[in-house]
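Database features, via Swiss-Prot:
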type     : residues                                                    : note
REGION   : 1-226                                                       : region 'Pyrophosphorylase'
BINDING  : 7-10, 21, 73, 78-79, 140, 155, 170, 224, 329, 347, 362, 373 : UDP-N-acetyl-alpha-D-glucosamine binding site
BINDING  : 103, 224                                                    : Mg(2+) binding site
REGION   : 227-247                                                     : region 'Linker'
REGION   : 248-453                                                     : region 'N-acetyltransferase'
ACT_SITE : 359                                                         : active site, proton acceptor
BINDING  : 376, 419, 436                                               : acetyl-CoA binding site
């Protein structure tokens, strides 16, 4: 049998955060979800998460993963103490236990497969990952022979000056034979500078220990503070950009752009500087995004041009131009061949094919037909102080500049709305709707300053 245990009980004090370290985000996904994803194909018989600090928050974050089991570690007295909590849970378990850290988010499934393969061929009591670091400060040192057989692991705080010169470090990823480990766990001692129970102390007490040195040390990079979090974010973003550039996406200034792992792209896409994609996005062929554009949870068809704009939870069809400085809010659906210009905000609305909203307008809770021209400064006044009301604008309708449509209202097909009109009543098809106050001109008018002279 095969079990996995993820250590996720720590406070992460160096992160200076109000929520658990394992819930920090990288490219839109938490550290712990990244760790879980790295081993989801291993198909364990038991999948355990050891929680402690803000345990409820961690469990709530993972609530959709019903196959996980949770074990509380209170208080937190080190990695050895964490695994001790498994003794009653795995009392009758026979097999291998893979121990992972919830704050090591870049680990690849292929590396874990290599670890498992070496463990099986060596028949060792424990096989673990190691990394050779140029600056090993803070990491436990691994002392082994040329056959990768490990004599001991010494934590950094307990290393002598000579031992600190060793650059081979413990990556904290272990594969144990559980029937051997469970007999050693109760014997662990906290006689060390940290006064904690180290899981590494169990290794020297096991019959055989083997280490596997990783090819890429970035995979075992831990996240303990904001600087390390930023470093991991940069590594992920670089990997994502390189992947999509190999698939036909151009980044004008790659390092200024960020994308989520859920984002998908077609080909011949150009992404300008300072463009950011979050959540589940799909970008069709021949699109051009940016510069200075933010897109979240949105789907864009082919040949869409978005410049200096924000899109959130939108559906945009093909051959649409958006921006600069447009804001498309959730539940906005834009049909093909539309034009949305500068300083336009659209919320929870549908725009029919070929419709233009070129400048300085707010369209909210509206159904706008095909080939409609929304004049500059047109506003759909959708909120009456109690509820949001709907505006319907028919096909081939034109609204003049500075029009206000007070919802609920239905403007028919082929309607012309005169500039400066404020409409409160429905307008039938083929009509001219105009509502203005009478223009009043007073000739020879003098200002107050002129009158006082």
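In case you wondered, yes, glycine gets a Cβ from its N, Cα and C as well.
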In this structure, which of the recorded positions 21, 329, 359, 436 has the fewest other Cβ atoms within 10 Å of its Cβ?
436
Nearest of the binding-site residues (140, 224, 329) to residue 419 (acetyl-CoA binding site), judged by Cα-Cα distance:
329
Near the region 'Linker' (227-247), which residues from the same chain, at least 6 beyond its ends, have a CB less than 8 A from one of its CBs?
15, 24, 26-27, 105-106, 218, 221, 254-255, 257-259, 261, 265, 267
Do you know offhand how many angstrom separate residue 376 (acetyl-CoA binding site) and residue 359 (active site, proton acceptor) by C-alpha?
5
For the binding-site residues 7, 376, 419, which Cβ has the most other Cβ atoms within 10 Å, all shown protein chains included?
7
Collapsed DSSP category at residue 224 (Mg(2+) binding site):
coil
Let me make sure I understand the structure: which of the binding-site residues listed (170, 224) has the fewest other Cβ atoms within 10 A of its Cβ?
224
Restricting the comparison to the recorded positions 103, 224, 359, 436, which residue's C-alpha is spatially nearest the C-alpha of residue 9 (UDP-N-acetyl-alpha-D-glucosamine binding site)?
103
Mean pLDDT over the region 'Linker' (227-247): what is the value?
97
Determine, using Cα-Cα distances only, which of these recorded positions is closest to residue 21 (UDP-N-acetyl-alpha-D-glucosamine binding site): 103, 359, 436.
103
What is the separation, in Å, between the Cα atoms of residue 224 (Mg(2+) binding site) and residue 7 (UDP-N-acetyl-alpha-D-glucosamine binding site)?
14
Out of 103, 359, 436, the recorded positions in the record, which is closest to residue 7 (UDP-N-acetyl-alpha-D-glucosamine binding site) when you go by Cα distance?
103
